[in-house]
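Quick look at what Swiss-Prot annotates:
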DISULFID  80-91  disulfide bond
DISULFID  130-138  disulfide bond
DISULFID  140-157  disulfide bond
DISULFID  209-223  disulfide bond
DISULFID  211-218  disulfide bond
DISULFID  283-314  disulfide bond
DISULFID  299-309  disulfide bond
DISULFID  313-353  disulfide bond
DISULFID  329-344  disulfide bond
DISULFID  331-341  disulfide bond
DISULFID  336-337  disulfide bond
CARBOHYD  40  N-linked glycosylation site
CARBOHYD  90  N-linked glycosylation site
CARBOHYD  300  N-linked glycosylation site
CARBOHYD  304  N-linked glycosylation site
LIPID     215  O-palmitoleoyl serine
SIGNAL    1-24  signal peptide
């Protein structure tokens, strides 16, 4: 029996509900903003790529923030590529912003990581910009209430995490709070993962100190609260990516909640990344599912990790090639005070997947 038009319509609507495309990370396209765009007038906000209406409005009312947010978008791309350089999915599709492939358009494990990282990055970059004096609307973070130990004193300029979280979340969460921003399940998932990113950022705030004293004795330490580098935050989020939980949107009482798919009904943990759609293995190129494949990717023959030739090449084998490396050698220290080196060339064997 031939399926009816109503069947195809229902299937189409079901697909929309499953994928639930959301615009939450399209702002990463700000990384492509030309340096020639001064961003000193409100009409410039309309020229920025990847923003929804509410983000354009935030741009107009917070022009001084936009260069910092543009820098955050660039940091997201650089950090994601570096963090996943040894994995089959190497975050290369993030550079297609705002026109992502399905690996980031659907509610996948990969999109969970990018949402978390982008939320952490924008707050991190704003908090640091306050410290360096790049933003007129904020300054150093507050001095902690607790008394430091003997030989320590509060000073320096703390990263303004509170301001970074407030302004960063206003901007990065704005698309998910629109009425037309995909299915309710996807909005809940993206907001959850963004909050996980900010939690990891908050947990990275640590005491940093500088020594003072006669002849380097370090008799007194001036300390402040500072955030870890974004690359360290990304590594924590990568571990959460590897252990992410698949969820479903299930009725519980009078409302629907995201709950783990394969576990007895329980609330989703606030500290775990979650996803709705399973990902492919990313072995073969298939743009329909956002997979670039691993053909011609470099692999490590001696590694036991994710960059090993066995895992990276998905059992297809690999080809060796010789690569010339130029490096500094025969370095000498000269009094006083400089070092001279020669340049040496050596040949190393590398491997790429078939």
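Placement of Cβ uses the backbone N, Cα and C atoms for every residue, glycine included.
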Between residue 336 (disulfide bond) and residue 138 (disulfide bond), the C-alpha gap once rounded to whole angstrom: 44
Inter-residue Cα distance where the pair is residue 218 (disulfide bond) and residue 313 (disulfide bond), in Å: 52
Fewest Cβ neighbours within 10 Å, where candidates are the disulfide-bonded residues 91, 223: 223
C-alpha spacing of residue 353 (disulfide bond) relative to residue 283 (disulfide bond), in angstrom: 10
Nearest-integer angstrom distance between the alpha carbons (Cα) of residue 218 (disulfide bond) and residue 309 (disulfide bond): 49
Cβ packing number for residue 209 (disulfide bond), 10 Å threshold: 18
By Cα-Cα distance, the member of recorded positions 91, 223, 299, 304, 331 nearest residue 314 (disulfide bond): 299
